[in-house]
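Worksheet: one structure, shown below.
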Amino acid sequence: MNTAPSRPSPTRRDPYSFGDSRDTRRDRSPIRGSPRREPRDGRNGRDARDSRDIRDPRDLRDRRDSRDIRDHRDSRSVREARDLRDFRDFRDLRDSRDFRDHRDPVYDRYRDIRDSRDPLYRREGSYDRYLRVDDYCRRKDDSYFDRYRDSFDGRGPPGPESQSRAKERLKREERRREELYRRYFEEIQRRFDAERPVDCSVIVVNKQTKDYAESVGRKVRDLGMVVDLIFLNTEVSLSQALEDVSRGGSPFAIVITQQHQIHRSCTVNIMFGTPQEHRNMPQADAMVLVARNYERYKNDCREKEREEIARQAAKMANDAILQERDRGGPEEGGRGGHPPAIQSLINLLADNRYLTAEETDKIINYLRERKERLLRSSADSLPGPISRQPLGAASGSSLKSQPSSQPLQSGQVLPSATPTPAAPPTSQQELQAKILSLFNSGAVAANSSSASPSVATGSSQNQNFSTAANSQPQQRPQASGNQPPNIVGQAGSARNMGPRPGAPSQGLFGQPSSRLAPASTMASQRPVSSTGINFDNPSVQKALDTLIQSGPALSHLVSQTAAQVGRPQAPMGSYQRHY
């Protein structure tokens, strides 16, 4: 057939398009198809042509060719509508179910960041940390600037010099923190040692076994323990004394009786952990038991105590560092000291930028905490010592001078715990004889109590009673109705005057007198003021009658025996004795 086509068919395309050489502007990105992999038969454009093939502007073919399926309106057109069915290259070896964005940094490692195909795409590189100051200020004015992206704390440009200064500041703070920690640890350790209760309390039931109890205390002391010697009286039971010792914090208590002295034994009570009581143990076995449990006590309790001391010291050191940072040193500048997150919020607030309610609350809470730290810095660095009553003094006062009608209380402080003028033990029988003789001879000076209203003042009772007895020799059979307030005033003044040489005190001379017990009981329970006393109470009336009968005689007797007492001695109840 000689029928010639109206238009010759196109010839085979060159591997490098119609140019003389390969286009040098083509890159080797895996996103765009490589020219080496393009099929040479371009007649099947739907299947064999690269979907990402971009027409070269130097292609000089006739754009009116109907068989050229690429759009001639834009030489940069990526694909036509039929190619939108699958936007990936069939030669792409990735899984067809993988729909990750090809702009992911993993797939963008070979792309030039200056490529204009995606100018809005921004890579998150590490070089953003090394911005210049002018770049930072320019970006801060940008409305799309991410304020949480850069940790710029305001101490200088975030460059190598700023990092070196920050490292030096951190090293300096660490050295200062270590120094403060050691100092606070030693101070808190000394405070804990001063407030630590005794390790073992030796309770002596009878005073006849004092020597044996002291020998046991010395052996316990040789184990490295602090020992306290406690003498019981007949008015307090042993269980109450042990409860008081346990409440005071002592881990061990040893009870000594006459039977223990005879058999050279003792009763060991272990207070910490599970309470234990080992009765009538031989002295050697008791020392072994106490030593073994004391080591366990030190390992358990002292380790916890050391952890508590370390925690308090670390907290105080951190608070001191924060206070110093808030004050700011000359090398840190005026804006230094704020945390980076808070500093960025403060900068935004200073620039009148928008802050959310949560960010505003952060700034308010930070400023409130800083104000509290400044207020605390004005006070002492160390908290006040914990008020703890000495075990020996509290137990002694409660065990010796407390009447039988009152229960034993560890926190009770009685007036007899303070040193009061007391007669020597050798003159107790003589004083008792004088008191009985005065009682039997009648109320010789009973009227002196009503005629001396100056007793309630600051003068001493010795001079008042002697003056009243010499100026008014007349006798009155019984006290009138207006005398109880005066007598109560005398008792109140005696409590107010305190331990003066010659003033009678409650629990006088440490004697368990049957006539003085109600008076001492009411005096220890009644407040200083006499306005709140119920005089209709029978016990109050009985105590007042006892004071009326015995008050002047006792005061006169004290004035006579005051010269015999060389120096004020501690009462029998003050038994605290540390080895």
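Quick reminder: no glycine exception, Cβ is built from N, Cα and C everywhere.
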Q) Based on the annotations in Swiss-Prot, which residue of Ser381, Ser397, Ser505 is described as phosphoserine? A) Ser381
**Q.** Record-annotated phosphoserine (source Swiss-Prot) among candidates Ser265, Ser378, Ser493, Ser513
**A.** Ser378
Q: For the motif 'LXXLL motif' entry in Swiss-Prot, name the matching range from 225-229, 345-349, 435-439.
A: 345-349
Q. How long is the line from the C-alpha of Thr274 (phosphothreonine) to the C-alpha of Ser378 (phosphoserine), rounded to the nearest angstrom?
A. 45
Q.
Can you give me the same-chain residues 6 or more apart in sequence from Ser378 (phosphoserine) with a CB-CB distance under 8 Å?
A. none
Q | For Thr274 (phosphothreonine), the number of other Cβ atoms found within 10 Å of its own Cβ | A | 5
Q. How would DSSP class Thr274 (phosphothreonine) in three states?
A. coil
